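Input: a single structure, listed below in structure tokens.
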Amino acid sequence: MNTMSRGSVTDARLQPVMRSPLSYGALTGIYVVAILVPWALSYIEGLAVRGWYEELVQLLSIIGLSMMLLQFFLTARVDAVARQAGVDNTMRLHTKMGELVGYLVLLHPLLIVAPRFFVAPSFALGDLWDLFTSPETSTGMYAWCLMLVWVLMAVFKERTGLSYEAWRYTHSAGFVAIIILATHHAMTIGRHGRYSAWFDIMWFLLCVVAVALVVYVYFFRPRAVAKQPFRVVDCFKGSDSDWHLTIEKDGDFPFDFDAGQFTWISTSDSVFARNEHPFSIATTRRSLPKVSYVIRELGDYTRQLAKLGAGHRVWVDGPHGVFTQNARNASGVVLIAGGAGIGPIMGLLRELGDHEDKRPVTLIYGNRTIEQMSFMDEIASLECVLNLDTQLVLEQPPENFTGLPGFINQEVLSGVVSQPESINWDFYICGPPVMVKAVEESLLSLSVAPERILYEQLGF
Ligand SMILES: Cc1cc2nc3c(=O)[nH]c(=O)nc-3n(C[C@H](O)[C@H](O)[C@H](O)COP(=O)(O)OP(=O)(O)OC[C@H]3O[C@@H](n4cnc5c(N)ncnc54)[C@H](O)[C@@H]3O)c2cc1C
């Protein structure tokens, strides 16, 4: 094991990843328990049970509010949580649960009046109208309307024409307003105002924590990031589509990472500008104090990387993520990269090279064209150090191409999975979300155990 920088670790921030980080499944389990706690507590009140339907509506209302509050916690990047669970995992859960929260909130008034449509249909629409117009439910109604607009904005994020940064600010501001209104609604109307003061105070305090987490992300987190200044060493086109960016620590502060992790980087003048983008580290800790990234040209930010001259200030938030080889016991490793996914995959491959690992390693690397391939020479030289088998896959292969044409699909993967010893191998996937999902599904349908599949999507 390389101890180059681990040996001098004294600061708690220098333990970026636990030896055994929480899996996504375990995180989801903790999440489910957490959202059920307020519902369980509501029974301490001893309010009479009023039939299964009302109890179901109560359950859905309470877990809906709990989930809304937890959404803030999942994106807060609090170091202690990030180290245990991985920001990639918490962001993934935030995105998945966001959809469910949207449905729960939007269905909430409809679920309340639904029985009226069966019992007294002629009054049901009137009841629904009362629900939306009565002064007692006004904060709930405002929260519901805002939620509708914000859910639509999240669903049609790409079509709104907003830059990611503008979208992020509006997303945060909108949901702060929604959570304040929804908490007020729960405290005044929840079970018709019959909960005791302590139950209402609990919602109030949880709401205060949620808003405080937003304040932390936008105002206090940048102060911590300001203590980690880096400078650009170089930034050049390493392939037709990808920039290879190398930055270097600009000061004597502790910084360490595990191969495969990512950081948010901001090249704005002010650390408070929050114009930050997540990119995965392509090197190992042997490269410190330098850190490198492979960045695909995609949109407004990544298209202007040419402007980054040597010496340009870079703010680094991280490292984050659990896409690492820590605490794994595989007898072989399969690394699958699509496009810019080669960045963290190179980090993992280089780490295996640093350790002169003797296990069988397979690299499957896909791109659209041969001109988009990076690190071909380095991969060839790693084949001399490692027991490495490389398979290149191209959507548009040139005439003399010796790799595989098309996509990284089940057919390509079955060649690896058919080897009997692969049952104990780890499969690392990194690339655009669509590619990661397709490869993961192929591996699962080839009977690879879910716990053997680790992935990082280049997008939350
Ligand atoms: C954990 C993680 C690791 C990543 N690692 C790499 C990497 O190593 N190399 C690489 O090329 N790309 C990586 N990405 C993707 C990269 O962050 C985006 O491609 C980049 O931010 C696009 O910015 P843009 O303004 O040029 O493009 P845009 O056209 O603005 O955005 C393109 C896509 O990227 C998303 N995006 C844009 N800005 C951000 C942001 N600030 N935060 C999160 N998502 C954003 C948008 O939702 C959109 O789907 C990673 C993403 C994540 C989540």
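Any Cβ shown, glycine's included, is placed from N, Cα and C.
Over in TrEMBL, the protein carries these features:
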- 225-326: domain 'FAD-binding FR-type' (DOMAIN)
- 21-44: transmembrane segment (TRANSMEM)
- 56-74: transmembrane segment (TRANSMEM)
- 100-119: transmembrane segment (TRANSMEM)
- 139-156: transmembrane segment (TRANSMEM)
- 168-189: transmembrane segment (TRANSMEM)
- 201-220: transmembrane segment (TRANSMEM)
Exercise. Quickly jot the same-chain residues contacting the transmembrane segment (21-44) by Cβ under 8 Å, restricted to those at least six beyond its ends, or write none.
Key: 58-59, 62-63, 65-67, 70, 83-86, 89-90, 92-93, 97, 191, 195, 199, 202-203, 322, 324, 326-327, 451
Quiz item: Against which stretches of its own chain does the transmembrane segment (168-189) lie, if we need a Cβ under 8 Å and a gap of at least six residues from its ends?
Solution: 61, 65, 68-69, 71-72, 105, 136-137, 139-140, 142-143, 146-147, 149-150, 153-154, 162, 200, 203-204, 206-207, 210-211, 214, 217-218, 274
Quiz item: Within the domain 'FAD-binding FR-type' (225-326), how many residues are helix, strand or coil going by DSSP?
Solution: 13 helix, 43 strand, 46 coil
Practice problem: Could you give the residue numbers and ranges of same-chain residues that sit at least 6 residues beyond the transmembrane segment (139-156) on either side and whose C-beta is under 8 angstroms from one of its C-beta atoms? | Solution: 98, 102, 105-106, 108-109, 131-133, 167, 170-171, 174-175, 177-178, 181-182, 184-185, 188-189
